[in-house]
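Read the structure below first, then the notes.
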Amino acid sequence: MEVSSAKQYEAGSYDVIVVGAGHAGSEAALAAARMGNRTLLVTISLEMVAFMPCNPSLGGPAKGIVVREIDALGGQMGKNIDQTYVQMRMLNTGKGPAVRALRAQADKHAYHRQMKLTIEQEPNLTLRQATVDDLIVEDGVCCGVITNTGARYRAKAVVLTVGTAARGKIIIGELQYESGPNNSKAAVKLSEALERLGFELERFKTGTPPRVNGNTIDYAATEEQPGDETPHHFSFDTPDSAYLPVKDQLSCWLTYTNPAVHDLIRANLDRAPMFSGLIEGVGPRYCPSIEDKVVRFADKDRHQLFLEPEGRDTDEYYVDGLSTSFPEEIQQQLLHQIKGLEHVEMMRPGYAIEYDVVAPHQLHPTLETKLIKNLYTAGQTNGTSGYEEAAGQGLIAGINAGRRALGLAPFVLKRSDAYIGVMIDDLVTKGTKEPYRLLTSRAEYRLILRHDNADLRLMAMGHALGLVSDERLAAMEAKKATVAAEIKRLATVRLKPGSAADEFIQAHGDHALKDSLTAAALLKRPYVSYDQLLEFIPAPATPLDRQAKEQVEIQLKYEGYIKKEEVKVNRLKRMEAKKIPANIDYDQIDGLATEGRQKLAKIRPETLAQASRISGVNPADLAILSVYIQHH
Amino acid sequence: MANSEFDTIAAISTPVGEGGISIIRISGSAALAVANQLIKGPDLTQVASHTINYGHLIDPTTAEEVDEVMVSVMLAPRTYTKEDVVEINCHGGLLATNRTLQLVLSHGARLAEPGEFTKRAFLNGRLDLSQAEAVMDLIRAKTDQSMQVALNQLDGDLSRLIKRLRQDILDVLAQVEVNIDYPEYDAVEEMTSQMLKEKAQSVKQHLVALLQSAKQGKVLRDGLATAIIGRPNVGKSSLLNTLLHEDKAIVTNVAGTTRDVIEEYVNVNGVPLRLIDTAGIRQTDDQVEKIGVARSKQALDAADLVLLLLDSSRELTGEDRALIEATAAKPRIVILNKTDLPSQIDTGQVQAMIGDTPLLKTSITDHTGVDQLGALIAHLFFEQGIESHQGEVMVTNARHIGLLAQANEALDEVLSGLAAGMPVDLVQIDMTRCWDLLGEITGDSYQDELLDQLFSQFCLGK
């Protein structure tokens, strides 16, 4: 709380100002600066740049693909984690290629330091600690920000990535206090400014588990979860040679809750803010607190807990699965009932945090607000949860703010382009009633949106945006050409009956060949890998690297399903191409159903395809709308 | 649905159940290709535009000849929609029309949305601006009406069965999704190919049975088993004769197989009725001593619809009451006949006894009220959905049949994917399609359902 205000002064002007330097703000600022904009990044605390206040981990299903997409578009998250991970694992390896997911455990302190350094070293980008209290808005256009220190910065475009600092309130049992994440400062006045400007704010809630001292964990009572031997990395640019051998990675440790823990939780529910009514914010269903899990899934006698190292230069561990807002003393007791944690020292209690969200239907797909021109929002401010979701939006908001400042056309990813496109379309079209997390099931084209082809899907776009170098693009194009050439070659090489390949086929219980078979057709069989195939056919002139081999396999093996999804995408393209005029007055269109009319007026979709995804807008409304826009 | 703008669409373009000829209109770039698979006769891709061609409609899967048809071929752009248009003129009546549409829908066309032909005509520049408002009104009106009809058709067993099947599929999908999105949570069993195969087969069994019922078109082909019952001399045979004479198209007379009676097939306002125990009606009116509730009850057991006649010129008898009670569980229409004579019956008392059963006053000899009876039967059948109790659940709506056929194809692809060793999360693409298609029948197709299922069923997250 300030007891007196600073005297305001003109502090200079920039092309783009980004408010908040979490995962969204870092990407936004770097993207805007790299596109050639003089950019200012303002953060409440320099110690919080790209900080991970929750899990020390990145990636996983859907989210891992987002990290790859950010990397392909020229963002920083993939590179940063490749430099600072302590463990890498590929998940879902037993499943199809669309859902394989890379996840890294991060050294959260190194991650923060590395990102901060990158930002500091970026030409065109200024990093400054201050709290933004107000926006400078003239005639409905955002022209800058005012900080608590009295600085008035002017800009052509402003990006807000305020996160849980927005009127943040931490709750631990009966204790509650104004705070941003990890006991940083809350941003209260900015929320008030947004309300004054007419924004509809919502109150969301999220939480984090206690941290414990690793020296006091009985590891023998837990199961070790080591990283992978096979090299993995998030960034296209990281070579396999940079991969850490498993012995140099840190493990996670698995333990479980038990009936004694659950009894203790049930006996103390009156002290759990989630149940005592103290918390009003809406929490995510997919990230429930332990008290929530025990109440909602009363028949389960145990829940998994993963003990995750927070970094190399610390013994602090994150107790994944034990997110809670119980009072500190109950948290202690809970921990001591858990196998392996009987004598653990709690270093920080878990907490719930409530914060303000800009209801995302108030945004264009560019993440510019509909209310105030040249003002963009991203990350948790838009109602999402997760570092990856935040970074993906931050990148798009930064790109669009940067392009606005440069006088260029906006950039929007379609649902068929990227998970980032799915997420933003969901947010601006459907809104969200709880912190939004990306799930693979949210994508209707997930076989097209794979982690292994993020570079092929998006790097050319990143290049056109000025975020991907010519060399990088050339490397991707070379990979693409190699893959295409090899697929073409495999369709012409034939395997004859009675050959070694035929024996191999029969050894796998398949029928003997009657006629010759192309190498491509053989590779489509589930038991054949590209490397095995090479035992029966001549090697290509230039051997393929690991990634190119993977592409050849996936593109051939799953060709049928990929084509099916491409057909769906192409059908939608005609509707995506039908733009709805920005100034359309839905009250002037006869025949729209009341619900459809209200929803259309609220969301103001930009294309017919987007309109078709609004719940409550039926096919007749769409027909009428398409007739109307054809003739007006 | 709306996603597939400008694919090939089809619909019945004449009122169903009325008229001797029905027209199935197909519009879109694949219109000729769709029709050509179904027509034995001239190669439609070779005939001149704007010609009418004689041929036979066949079911390509069985090579069975379904109907004798005339096919109009009209090539773009000189057509109503400015697209290629083919119109199949088949025999009117519910069965032939539905069957034809069903074939068209299962061979590459999609059922048109209400007003969609007009919409296309408009979007393709066929109609001018002054017609725009009228088009919009039309689309709106048609949609409201068809949604109402669709909702009504969905009361009952079909809807319950489809919802159950969707729930079964949803359970599978949710489990697969959880396996994908939460790979490290051991609390959720891994959905294996074997489990998915069993689920797909079990759902498929139901769909095949439903399609079988549709294919046989039990009600449509065999008619709705209808019993005319009532005390002697109440006018049963007059009603029978009237119905038979009203219907210009008696389909056939066949000997009953299980009972030694003749059954008569009539078409009342588009509803095929199979009048059961017509012999009994004729006999019993002649031989008064053989009458009775016993005989009527026998007919009753086999009936899908009961027409219960009461004599309005007499007071209600014990026998009448017994019949009213005996038919309480059946879809029925109570008819107060002989309104040409002075009324003796207590209508209020009858109404009180029969509850919401439709009550109709007629004088069959004067031919008053007979038209209303036809309309009432059509209403019961089309909008309230009488279902034959002999089959399980029955599908009669061409749109539903088309969707079920596509859902069944999606399951075939699930099974062939599994047989080819494809991973569960890929095969799931087709399982999801099956779920979506079934959802189009019941009107719910929201992805949110899946997410709700996910988080209500499984305990997930950090």
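Glycine is no exception: its Cβ is also placed from the backbone N, Cα and C atoms.
Per TrEMBL, the features are:
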BINDING   A:G20, A:A21, A:G22, A:H23, A:A24, A:G25  FAD binding site
BINDING   A:283-297  NAD(+) binding site
Of A:G20, A:G22, A:A24, A:R285, A:K293, A:V295, the binding-site residues whose C-beta sits under 8 angstroms from some chain B C-beta are A:R285, A:K293
Those binding-site residues, out of A:G283, A:R285, A:K293, that come within 10 angstroms of A:G25 (FAD binding site) at the Cα: none
Apart from the site residues A:G20, A:A21, A:G22, A:H23, A:A24, A:G25, the 8 Å Cβ neighbourhood of the FAD centroid comprises A:V18, A:S26, A:E27, A:A28, A:T43, A:V49, A:A50, A:T161, A:G163, A:A378, A:G379, A:A390, A:G394
Lowest 10 Å Cβ neighbour count of the binding-site residues A:G20, A:G22, A:A24, A:G25, A:C287 is held by A:C287
Whole-number Å only: compute the distance from the Cα of A:H23 (FAD binding site) to the Cα of A:C287 (NAD(+) binding site). 19
Drop a 10 Å sphere on every Cβ of the binding-site residues A:A21, A:V295 and tell me which sphere holds the fewest other Cβ atoms. A:V295
Other C-beta atoms that fall within 10 angstroms of the C-beta of A:S289 (NAD(+) binding site): 29
For A:R285 (NAD(+) binding site), write down the residues of its own chain that are at least 6 apart in sequence and whose Cβ falls under 8 Å from its Cβ; none is a fine answer. A:E434
Note down the number of other Cβ atoms within 10 Å of the Cβ of A:E291 (NAD(+) binding site), including every protein chain shown. 25
Whole-Å Cα distance, A:F297 (NAD(+) binding site) to A:G22 (FAD binding site), is 34
Going by DSSP, is A:G283 (NAD(+) binding site) sitting in a helix, a strand, or coil? coil
These are the binding-site residues: A:H23, A:K293. Which one scores highest on other Cβ atoms within 10 Å? A:H23
